[in-house]
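Here the structure comes first, spelled out in structure tokens, and everything after it is commentary.
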């Protein structure tokens with residue numbers, strides 16, 4: 001073989017620079033490859049599979065069509081990489097009635113590790129960027145205050161979880177459009193598991209790729225929590241021992257890469273803000289706020305757990321958005337904050353205005369008092385936000401205490417905070433952490449110290465209000481029971497183990513619990529002003545002689561539309577095989593994707609048709 005530079009446009013981002021002709025398919029020139037059905041397939045797979053399994057599949061295909069060449073020797077891609085990807089991605093092919101491509105035959109074109117193969121997906125796993133080794137005598141709380149590339153972020157999170165393996169783990173909630181894992185680091189006394197009555201908390205950063213401070217703060221926070229727990233810091237140990245904490249530093253890693261190309265100090269509002277699909281993630285969630293406004297005047301209507309309208313799925317929904325929605329359904333989150341940049345203020349729902357012309361106007365939720373308490377918890381603990389000077393970043397909000405109702409600032413639809421509140425039990429605020437979206441590295445240390453106390457203080461707010469277990473008279477937990485507060489038109493529901501959490505400010509309340517087939521139970525509860533831990537309020541429900549409201553029963557049993565596409569969406573494409581489709585009968589019309597190959601004439605990929 002003779003090594004030559006790669007000139008195939010769909011393969012220029014592989015982790016190597018040279019290939020050899022002929023390739024593994026015996027294609028002897030660039031022109032032959034570019035006009036082949038195999039090359040056309042890897043070029044359009046991201047469209048055919050709606051972003052799933054890509055760019056992994058494209059890079060795997062490139063390893064066969066443009067094989068790695070070093071010192072005039074061709075190196076085969078690793079068989080185990082192919083097998084893992086096939087296992088994970090075959091359901092995506094089945095979903096569009098497409099056969100697995102013959103040139104990705106793991107036995108035919110790939111090699112075992114003992115034969116000296118290479119991993120064509122190493123670039124996606126953060127294994128290409130080599131970090132400099134740090135001195136071994138650094139103190140336990142050492143944090144590098146720098147900007148992290150995607151691979152450096154992943155490496156730091158994994159090292160942190162390894163250092164604190166008894167209280168931390170990492171996992172991915174799905175993939176970005178370009179195939180990067182959306183990594184989360186979790187802290188808990190039982191990592192990976194929900195524990196009875198232990199509330200779930202999350203921070204999300206870098207939703208807009210060019211707003212990078214939130215991402216760095218969460219990377220620093222992860223290292224701080226780990227180190228301080230090991231050092232015996234009582235505040236951190238109490239927090240982790242009693243809370244399950246999830247930190248997602250970068251929801252938009254694709255957008256971050258674009259912004260990072262501009263470099264630190266870039267404060268533009270456009271480059272990198274959106275995803276690789278050109279979508280603004282904070283405008284991409286279902287608009288449930290309009291439905292909440294419609295329901296608000298209806299007696300007895302609830303402003304919670306509103307289902308996603310079918311019309312939402314007719315538009316373009318980012319895989320990052322779907323991944324967050326699936327995440328919200330899989331874990332009973334209680335409290336959350338999304339970290340943004342460009343201002344210095346804490347905003348809370350609703351973000352979409354109740355004004356008929358969508359003009360900015362105060363648009364409170366039924367939980368206005370709760371949200372103000374939460375927003376103030378962050379603002380008051382932040383030394384700059386709480387500063388009374390108006391001649392500074394965020395000075396416009398001084399008279400409001402550094403907080404504002406989102407729609408009163410400016411109105412937008414499709415936001416993540418409104419969706420959290422109206423579709424799940426989770427309360428979420430938005431923290432604008434500074435006027436510079438991409439500050440210089442020398443500013444990061446100061447930014448961390450300004451936000452550290454506020455980040456911790458806000459997490460501790462997950463323990464305000466009440467919590468408890470709803471069970472039947474035999475002690476069996478009741479899932480999806482509703483916890484109602486008289487005078488607040490917004491319920492929360494119990495998790496799978498019958499436990500619940502209801503954030504509330506100090507005061508006296510009438511709390512009730514109800515579930516299909518059971519009589520309602522009511523209790524009078526007083527939360528003292530100085531109480532810093534959630535009060536325990538359990539409910540034992542007894543069977544009702546008759547269920548009076550069939551409509552309510554049905555709505556409570558079916559929290560989500562059984563035909564909701566989100567239920568079928570797998571952000572990793574690895575957890576389940578869709579229902580098997582019938583064979584292709586003779587004479588059946590070609591699948592919808594066949595038109596992509598109409599230009600090939602004599603070389604149409606019949607091997608993609610299922611027999």
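Backbone N, Cα and C define each Cβ position, glycine as well.
TrEMBL annotations:
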type     : residues : note
ACT_SITE : 432      : active site, proton donor/acceptor
DISULFID : 82-106   : disulfide bond
DOMAIN   : 1-120    : domain 'FZ'
DOMAIN   : 146-462  : domain 'Peptidase M14'
Between the Cα atoms of residue 82 (disulfide bond) and residue 432 (active site, proton donor/acceptor), find the distance and write it as a whole number of Å. 42
What is the number of other Cβ atoms found within 10 Å of the Cβ of residue 106 (disulfide bond)? 20
Rounded to the nearest Å - Cα separation of residue 106 (disulfide bond) and the residue listed as 'active site, proton donor/acceptor': 48
Surrounding CB atoms that lie within 10 Å of the CB of the residue listed as 'active site, proton donor/acceptor', all protein chains: 24
